[in-house]
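I have placed the structure first, in the form of structure tokens, so that the comments after it can refer back to it.
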């Protein structure tokens, strides 16, 4: 007798072992038809999986997130099936699920063209309509290697050869195509109805640039056409908002081959940067942080003591001088500990909050670089709080409030918070971890925030809170972090004198709100589609004269506004006013001030707001008042 407990708490009993599909059918024909897989004691399995013991089971359908993953995984295999039918000499490698879709890497003697993708997608649709059953068989490693070598799939054979000989290998087949996979997969190809191939890109075999370059075909798959249409529309909007495109259009920054992953900031872009940095500096100062500056290059010995040299060296830029090894800092924390250690610290000094707009460099792979979002040289709004265990809760509460307020000011009102808890391998006692985790939980609770807990995802030296902001397109970006660290103060010898005159290690809280300034500015540009809130905009307004006779008045107006601390310039070029208006509209300047003879005589300006809104003619002082109200509204 086999007892199956269902999600609603009910228990069904079967005289013999049953498959997931049979359990679904016993519940109802609708569920049997909708079943894509099962969750057996928490593990995803195929509908063909045999249950021969008492267990809990949830039937997975296309209404479940797991169901969508199964569909995407199966569609990746459908892609490989179609490619092999159309291009038999193509070699298949790997094809995982990724955010919003999947990809599959192929080795082929020529590049796939857009026409190839169109033909492959058409063949995928034909294969799906055949509704061929997807079957699974388990074989030994040697049997699997032999099979794939016999059909000329050397990459698959190489993957399997790296698997321990004692492991069982799962092979999935539909029609004439067989692939290596851990599964699960849909029961038949007819379940795959909504998908689209997106693009082809290069990828190295096993991610190593020394290996052969493969062709990676990306695709997306969904349960409903409406969802796919919405996703494709979002991609269109994302392309319009691409910070690389807007960075060029708005003359904010550029990146060039001589400095890969490093940003050249132009005057307008640097003005935008400064608005963000100065805003953050004001907020940190008000919250009791002390700003410091630490060296960019430090001796190898410090990085060995911190553990970075042993564990992070491949991502560090290093140099040598006078027979000493140095590293350009990839992070600021070891330097902040040095400042803390300089002098005797008392418990009365704690909490001590050090902040730095620290310039860091990391040797990211060239293929991973992406505009401002993934760079090699970046600045963080980094800070480290040195405190006692009893102060963790109050410091976390203060940080949560500060972070939420900052995100709101920048226009982000949807924040997902994740709390990563202790892993199996960790330092510190269970009591210390209990205290630390509960301190972070209570801090989130005290701020009225909701969060998701991730057991086992914390670092071995402490739990962590992550702050994921959602932009105007619903995309999630991890920016803020509050990481509790019980290790680095010990490794680097940080201590303070406790109330009983004993020497104790402080707890170290690593924290950032915007994270990488470069990345955050990229997010801001895309979130606002380049039309920055007035307080952030590189230019508040531009004064435009209609004819040469108003040039002096236009210049005077601009200078008057500049003296009042406003970011205003005058465009006095001998161009048609319509041309100048169009140009500055494309630059997304919040206000255009047009002056003709009437405005000069009346000492007024004709005001056009961003979006082509005509605000009419008004005295310069009235415009200044309006502009200041706009700036304060966003602050």
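Our numbering is plain: 1 for the first residue shown, then up by one each step along the chain.
Placed from the backbone N, Cα and C atoms, the Cβ positions cover glycine too.
Binding of Zn(2+) is annotated in Swiss-Prot for 384, 510; the matching candidate from 181, 333, 447 at the same site is 333. Neighbour counts were taken as the number of other C-beta atoms within 10 angstroms of each residue's C-beta; across the binding-site residues 384, 510, the minimum falls on 510. In the predicted model, residues of the region 'Catalytic' (242-533) average a pLDDT of 94.
As a summary of secondary structure, the domain 'TGS' (1-61) carries 14 helix, 25 strand, 22 coil according to DSSP. Other than the site residues 333, 384, 510, same-chain residues with C-beta atoms no more than 8 angstroms from the centre of those residues' C-beta atoms, the Zn(2+) site, are 331, 332, 336, 337, 382, 383, 483, 485, 488, 508, 509, 511. Note on residue 333 (Zn(2+) binding site): other Cβ atoms within 10 Å of its Cβ, all shown chains, come to 21.
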